[in-house]
Amino acid sequence: MAVTSLLDTVFRRRKKKSTEFISFFEFDLDTIKAATNDFSELVGRGGFGFVYKGRLQNGQEIAVKILSTSSIRTERQFHNELIILSKLKHKNLINLLGFCTKRDQHGLVYEFMPNSSLDCFILDPHRAAQLNWEMCRNIIDGIARGLRYLHEESGLWVVHRDIKPGNILLDSDLKPKIVGFELARTMQQGENAAETTEIVGTVGYLDPEYIRSGRVSVKSDVYAFGVTILTIISRRKAWSVDGDSLIKYVRRCWNRGEAIDVIHEVMREEEREYSISEILRYIHIALLCVDENAERRPNIDKVLHWFSCFSTPLPDPTFGNRFLVEEETNWPWSPSLSPGHSSVTSPISSR
């Protein structure tokens, strides 16, 4: 293995736009096969490939994502993740150690996260019972700090486009790290939104304005983050197989004055009154994040301020009269067949 420059090895045809790149290893395929015992321990899978656990000769545990298919689209997503992660470093983002390319095989090598993804934790009754509110709050706050870095502090103004519990990994201390940058895109400084040619993301977490207009912005991530908060607190899926959405359920509870019913029963029974008040505040903030009007949504910096300053009053959530956008839109796939577990792509029809 040799330490190699990302642009020199993968993107020779691209002009170098910045000197602030993070160097990492280019692994040869034999090294990856040896580290993963010939890809014997599958620890995850998604719309972009399979993830295997491995161990390098120095003892470091790694996770290796191998693209499931080779196509122009998947290669573009592979290159996109490499280029973006080569410029990013934050304690709440996954640490990319290197990559491997050989013929039609493409792999990314990450640090290994022993507690898997957040969705595996909160949607498993046994593991979810181990999470008290303090742990959940720290996870939520960590995700928000990672998003603030992407949106405001990295200098790239990155929109992730697929924030969800499945793209949040937990380390040994349950500290969250954002992963899944295949669909991410950068914005120009001062750019409020960018036109896209296709809708990408995960059912239940997709920004309604993004779906309607094809324009993506950092507020699209704020929307998905709001759904993620509600998923953590309720331990419910964003989209159930019967076609009901978590957002609709939470709004019904809020309108009836029964927001406490959103809190998972184990947490509701075990937490003290002060903690319950704090959880209800987080539900309130989440509802502001999932406002159907992107302009009314807070930016992530304001969300973090609301988290840390309990005395700051919150505006009332605004619920439109429209049905959720997933019900308004004639999707080429059924949401009930893909309830928040895999990323989906839909072309934007001409308007």
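Using N, Cα and C of the backbone, Cβ positions are placed for all residues, glycine too.
Marked as active site, proton acceptor by Swiss-Prot on the basis of sequence analysis: Asp162. There are 27 other CB atoms within 10 A of the CB of Asp162 (active site, proton acceptor), with all protein chains counted. Annotation note: Asp162 (active site, proton acceptor) sits in a coil segment as assigned by DSSP.
The ATP binding site annotation in Swiss-Prot covers Val43, Gly44, Arg45, Gly46, Gly47, Phe48, Gly49, Phe50, Val51, Lys65. According to DSSP, Gly49 (ATP binding site) is assigned to a strand segment. Taking Cβ-Cβ distances under 8 Å and a sequence separation of 6 or more, the neighbours of Gly49 (ATP binding site) in its chain are Lys65, Ile66, Leu67, Ser68, Thr74.
Taken from Swiss-Prot, the feature domain 'Protein kinase' applies to 37-287, supported by sequence analysis.
The phosphotyrosine annotation in Swiss-Prot covers Tyr110 (among others), and the record cites similarity to another entry as its basis. Taking a C-beta cut-off of under 8 Å and a sequence gap of six or more, Tyr110 (phosphotyrosine) has these contacts in its own chain: Ile62, Ala63, Val64, Lys65, Ile94, Asn95, Leu96, Leu97, Val179.
Among the features that Swiss-Prot reports, phosphothreonine is placed at Thr197 (among others), with the record citing similarity to another entry. Look at Thr197 (phosphothreonine): DSSP puts it in coil.
Cβ-based neighbour count (10 Å, all protein chains) for Thr202 (phosphothreonine) stands at 28. In the three-state DSSP assignment, the secondary structure recorded for Thr202 (phosphothreonine) is strand. Residues annotated as phosphothreonine in Swiss-Prot: Thr202 (among others).
Feature annotation from Swiss-Prot assigns phosphotyrosine to Tyr210 (among others). In this structure, Tyr210 (phosphotyrosine) is part of a helix by DSSP.
For the domain 'Protein kinase' (37-287), the predicted model reports an average pLDDT of 92. For the pair formed by Thr197 (phosphothreonine) and Asp162 (active site, proton acceptor), distance between Cα atoms is given as 16 Å, rounded to the nearest Å.
Taking every pair among Val43, Gly44, Arg45, Gly46, Gly47, Phe48, Gly49, Phe50, Val51, Lys65, the residues recorded as binding ATP, the greatest CA to CA distance is 14 Å. Neighbour density for Tyr210 (phosphotyrosine): within 10 A of its CB lie 25 other CB atoms from the protein chains shown.
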